[in-house]
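*Asks:* Structure below; questions to follow.
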């Protein structure tokens, strides 16, 4: 099955069932996420990097995402008895010369924190790092993982439509398209 983290699938095939399959493959981890990002605006995306504020992934970020395809990725808290969640930013260079950035945040302690996500286009090519994480988390109106769909302009004539649940076993589905 192509429904594994690190795979590229047809954008039209990006469903919650696919993301649940990716999530199950991570096994019994208390904080984990399956990410699916659909490339609909007619560009090619090339992987730059993932910055993890906490947590990790055993999967290599899919390198090239053609138009009408979706990437699958995952993340999990660090192994062992550590009190961390999985928080990070994915960066893709887009063929228009800009960078697509996607934030995901699955906390360890739900008494203090909630799930959050964000998507934004940065001018030029920029790798994900701590500064990008802080901008996406604190400054650019992230969405709470509230089991609902949200849409916003993400810059440079593009919009992002996404969904994240509120669970520690999270799914994040984002569709990037022209405005």
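Note that Cβ sites are derived from N, Cα and C of the backbone, with glycine treated the same way.
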*Asks:* Need one residue: from 27, 75, 80, 85, the one Swiss-Prot lists with 53, 54, 113 for N-(acyl)-sphingosylphosphocholine 2.
*Replies:* 85
*Asks:* Per Swiss-Prot, which of 105-120, 121-136, 137-152 is region 'Trp-rich region, which is important for the binding to lipid membrane'?
*Replies:* 105-120
*Asks:* Nearest to residue 51 (N-acetyl-D-glucosamine 6-sulfate binding site) by Cα distance: which of the binding-site residues 79, 113, 114, 116, 137 is it?
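*Replies:* Out of the listed candidates, the nearest Cα belongs to 137.
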*Asks:* Using C-alpha atoms, which one of the binding-site residues 31, 114, 138, 144 comes nearest to residue 85 (N-(acyl)-sphingosylphosphocholine 2 binding site)?
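*Replies:* Sorting the binding-site residues by distance from residue 85 (N-(acyl)-sphingosylphosphocholine 2 binding site), the top entry is 31.
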*Asks:* Taking every protein chain shown into account, which of the binding-site residues 113, 137 has the largest tally of Cβ atoms within 10 Å of its Cβ?
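*Replies:* Per the Cβ count within 10 Å, the most buried is 137.
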*Asks:* Please list, in sequence order, every residue of the chain apart from 53, 54, 85, 113 whose Cβ lies within 8 Å of the Cβ centroid of the N-(acyl)-sphingosylphosphocholine 2 site.
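*Replies:* Filtered neighbour residues, in order: 55, 84, 86, 87, 105, 106, 107, 108.
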